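**Student:** Quick one: the structure is below, and I'll ask about it shortly.
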Ligand code: FES
């Protein structure tokens, strides 16, 4: 079939200056412009059956992408996280990761391959030469850009090749579901867990360094003791998770020096227990100034007054340190009266 036999609508639009724009060299332009090589029609330009074949190939690739996305979701829901598979030559790997990687990769690859095949076989491949021009766009240029855009949209055949358009929209619409499914990996919602700690009525205060329960006599004026709840051990599965909320600072202040009435009521003979977790962004506080009863967070220098209800006196922290009400049990050891009355850590209550 020659290009004379080609239906007019199938031929790409060619522009006058695209081919053979040969200039003769002169004094001002010593090199002749050879122009663009003659345009050669592709088989799809001249044979509608070949164009249909390409269209079906592109649609098939987009359809495979849709199926791969569905496969991704199905793998995520059905494959056990502990299941492993043997893959040559890698060896044993997580079956879930393998399936997710394979389906996600296939979904992305086939969208890309479909778009490339579409562009190479069905969209116009006429080369266009454009003269250099001033950077500022003139109204004529803007009108030309708009016309080119419309022409491009027409040549992409989106309107005419409905099968490609529909399958492409289907593939693109379905693919983001993969990301939505991954949101499940953020884990279950915390519920009220952040509002509670391990502390409960009767829980003994245990010295974090020695592992021994604390007696009032162990806490002397001027010292800073770190404590954890009795029963919370380092080898526990969720030790890190719990200690991040449970850690306490214990200091003894002369009762007459305690300015806050509730703090005094919640103390035992001047021994006060405050959360060790900074209310700014949650660093563990560790610096204590004996004379002023100030504690300083090393991260951003928030300073809290332990003689005045843990009030913030400097720095970016937005809230006082939560205090744990303590007393002494029948066996003479310091113990909690209950849980903290408010969430510990970085400004949790501001997040509702
Ligand atoms: S975390 Fe304590 S001041 Fe920033």
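Each position is counted from 1, following the chain as shown.
From the backbone N, Cα and C atoms, a Cβ is placed for every residue, glycine too.
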**Student:** Among 14-35, 36-57, 58-79, where does TrEMBL put the label transmembrane segment?
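**Tutor:** Based on what TrEMBL states, transmembrane segment spans 58-79.
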**Student:** Give the range, chosen from 121-141, 142-162, 163-183, that TrEMBL lists as transmembrane segment.
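**Tutor:** Of the candidate stretches, TrEMBL labels 163-183 as transmembrane segment.
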**Student:** Identify the transmembrane segment range according to TrEMBL, selecting from 99-119, 204-224.
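**Tutor:** Comparing 99-119, 204-224 with TrEMBL, transmembrane segment matches 99-119.
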**Student:** Across the domain 'Rieske' (240-335), what does the pLDDT come to on average, as a whole number?
**Tutor:** 94
